[in-house]
Amino acid sequence: MASRGLVGIFFLSALPLLCLELRRGGPDVGIKDFILLCGRIFLLLALLTLIISVTTSWLNSFKSSQVYLKEEEEKNEKRQKLVRKKQQEVQGEKASRYVENVLKPHQEMKLKKLEERFYQMTGETWKLSSGHKLGGDEDSVLENASHTCFETSNRDAAKKRKLPKPLTKVSPPAEQPTQNKVPDLPEEPSETAAEVVTVALRRPSGSVLRRRFFKSCSSQVLLDWMMKTGYHTSLYGLSTSFPRRPLEVEGGRSLEDIGIAVDTVLNVEEKEQSS
């Protein structure tokens, strides 16, 4: 609308110019000159309208961009306010839950302890008990009291009568092995000696002892070695590891005769006590 008004004003101002030109020319002005003059005036008006329309559109776009920026800023402020409000609500809920679940129980426990301490100091601890209702519960309380009195009287009477003690079978003490003198072991042969076998003795404690013997040695030397380590022959015996079988040791047989011809592992095992 503003551009149209400006165009009208320029058009009205061009009319006096047209009249002046016609007066100057007088009667000599022809049709061609008149047409050229009109064309110049219309060309000028067209240029002016173009300039005005471009400037007005630019101004309108600049104003619209400013308005858009203001609207975006207002929207952002509203969003920030909503987010802050939600955060405040969440924090408020957390605070209320903390008060209900932590602070209140803690304060109640503290007050209860202070109350108990106060009644203990004043001697009014009966206020801390729930007590008994009057009426039907009195009979049950009296029955319980009489029952406890009857039990205590029976116990006192049994103590006075000196009831015979129950006979308990006392198991005889285990026979202690006699400390016989253990003969000395033969000297241990060297590793390079011929006809030598290595025997490993695995004790119940888990430790393992190793020693070399000649194959021609008496098998009794194995029992002597076991007794040297602290395991008496009356309580413990020897057995092979795999296959597991008790080792038959006789004084007249050598190690090779009882099957110990190669390096062997023997287990020290407790004998089964006959009842």
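Using the three backbone atoms N, Cα and C, a Cβ is placed for every residue, glycine included.
Whatever TrEMBL says is automated annotation, not expert-curated.
What TrEMBL records for 1-21 is signal peptide. The transmembrane segment annotation in TrEMBL covers 41-60. Among the features that TrEMBL reports, region 'Disordered' is placed at 152-190. Marked as domain 'UBX' by TrEMBL: 192-268.
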Counts by DSSP class (helix H/G/I, strand E/B, coil) across the domain 'UBX' (192-268): 9 helix, 28 strand, 40 coil
Average model confidence [pLDDT] within the domain 'UBX' (192-268): 86
